[in-house]
Each structure stands twice: as C-alpha cells, then as structure tokens.
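Q: My structure is below; once you've seen it, I'll send some questions.
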Amino acid sequence: MSVKLPTAASNRYTFASHSGAQHSAERVLLGATSLRVLFPAGSRKLVRAAADRTPASRAFTDSSLNHISHILPVVYPHPLTPLHKEHRKRVRDMRQIFFATGNQNKLKETVAILDSGHHLPFAIKSVNLDLPELQGEDTDIAKEKCRIAASKVEGAVMVEDTSLCFNAYKGLPGPYIKWFLGRIGHEGLNNMLAAYEDKSAYAQCIFAFTPGPGVEPEVFVGRTEGKIVPARGDAVFGWDPIFQPDGFDVTYSEMDKATKNTISHRFRALQKLRDYLMTLPEDG
C-alpha cells in the first residue's frame, strides 16, 4: 500500500509497522500534520516513534504516536531539519545557550522558569544582538530571527518574539506591540479599545531555538488570555501594566514574580522549550 501526501515533496520515507507491513509516503519535512494523515488514531501499538527521534515526533501526544512503529529514511530528509546524529551530538556537547536579549530582567525571568523543576545542563547567557525588525507571520519572524542570531553567535541560540493581541482588532498590534507602545504608550493602547465593548486580549510568546547555524529552528508557543485595563503597577516589562490575565484581579505588573512565572505566556512557551531541551541530550 502506498500513500502519497498532497505536497511537492520528493524525499521518500518508508514506514514499517510492527506487523511488518511497509508503507511509503513522500515529503520534504516530517511534520505532525503529515503523520496524523498517514496514521489516523486508534490503529497500532507504539513500538518507537521516529527511529531518529525527530522533534516533530516528540511533540506528538501519546495518542497521536500510538500508531507508528518506526520511520526509516530511505533518502535523508531536508538538510536543515535537526534529525541527523551530528546535530544531536552538537546539542549533547552544548555547554551554553545564548539568549538574544539585552534585557536583564527578561533574562532573569527566563532562567528562573527554565530551571524550575529541572536543572538544565546548559548555561543561559544573554547576548545583545542587533536583529532586524521583520514582518510576516509570528512563527516565521521568530524562526528567521533565530537563524540570523545563530549565524552571529556561531552556536546554540534562542530568540523570543512577544505579541499582545487585541481580539477587537483581529490580533493587532500583535508582534508590533513594541512599536505601538513606543509611539502611543499605555494610554494610547487603552484608547484603541475605547470604542469597543470587547477589551479581551491575549499575550503570546514564541521562543525559537537552534543548536547552531544550519539547523532549522524549532518554535515553542505560549499564550495567556486576559483583557486590557488602564495601567496599574510598575513598567519593568513594557505593556505588563495594562494586561490583566483571566482569573486575576491584578495586572502582570502587580503580580509577584513567582505567581506570574506560573501563568504567563512566557512561562507556557518556556515550559515547552524546557521539555524539548531535556529530551535532546538523549542518544537516538
């Protein structure tokens, strides 16, 4: 039985179940969507997902992976995907990860979240890079910034792209919140919603990570729902004074750090990144 995905991909993989049956599919990058198409829920017992331990396979839930035994590349995949043993070795040999930020408060918060519960075998070191302000989709922006940062530091690096999205504006200001904040301030951001009953918003954080130049970045997205309110609290973190997360009567700025670090958009993204980093040093 042959299954062909609707894509212009030309790399071929052979999928072998534990029963011995083999199926092939064509693709460029082995993504979660492709695997779900090939292996709908409820069919096979998991022997091992992705023989080469791809990040895409690790991101699956157990139920999604329940149907794959092995993935055996006949022609090795796209050279930028972090599947090769050499790439995994680069991660195992890492002693530090550069975080592209000059904001020491952001660095402290990031390290505190990453180290909570699991001590990472890497040092997190900030580096102040002049990265371009890009336009495009959120994840694409984060990935491209990560590629640029990796070429500058010539090593493992992570970058963060943060958005504040007003539902009344279909997601704007989004990743351009820093520009809006600089131009119109907290009051101006509130005034944008003055004519709308809907003050709801969500804070979104995207971390992109790569172990080095030439390795396609992985992205980790965290989101916290809330609403926009008149500024309250200090302004250590840009727009924190005007964002009040759902379930709380205080803004991000009014929260104690320990509480914020368990519900924030940054926490949710870093939790996924931390889990990813803790699995990478394993031998495939």
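Backbone N, Cα and C define each Cβ position, glycine as well.
It should be emphasised that the depicted structure is a prediction, and the values quoted were computed from it without experimental measurement.
Copied straight from TrEMBL:
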BINDING   101-106, Lys145, 161-162, 237-240, Lys260, 265-266  ITP binding site
BINDING   Glu133, Asp161  Mg(2+) binding site
Q: Work through the binding-site residues one by one (Glu133, Asp161, Asp240) and point out the residue whose CB has the fewest other CB atoms within 10 angstroms.
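A: Looking at the binding-site residues Glu133, Asp161, Asp240, the Cβ with the fewest others within 10 Å is that of Glu133.
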Q: Counting across all protein chains present, how many other Cβ atoms fall within 10 Å of the Cβ of Thr162 (ITP binding site)?
A: 23
Q: How many Å separate the Cα atoms of Lys145 (ITP binding site) and Glu133 (Mg(2+) binding site)?
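A: That separation, Cα to Cα, works out to 9 Å.
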Q: If I take the alpha carbons of Asp240 (ITP binding site) and Glu133 (Mg(2+) binding site), what is the distance between them in whole Å?
A: 21
Q: List the same-chain residues at least 6 positions away in sequence whose Cβ sits under 8 Å from the Cβ of Asn105 (ITP binding site), in sequence order, or say none.
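A: Long-range Cβ contacts: Val236, Phe237.
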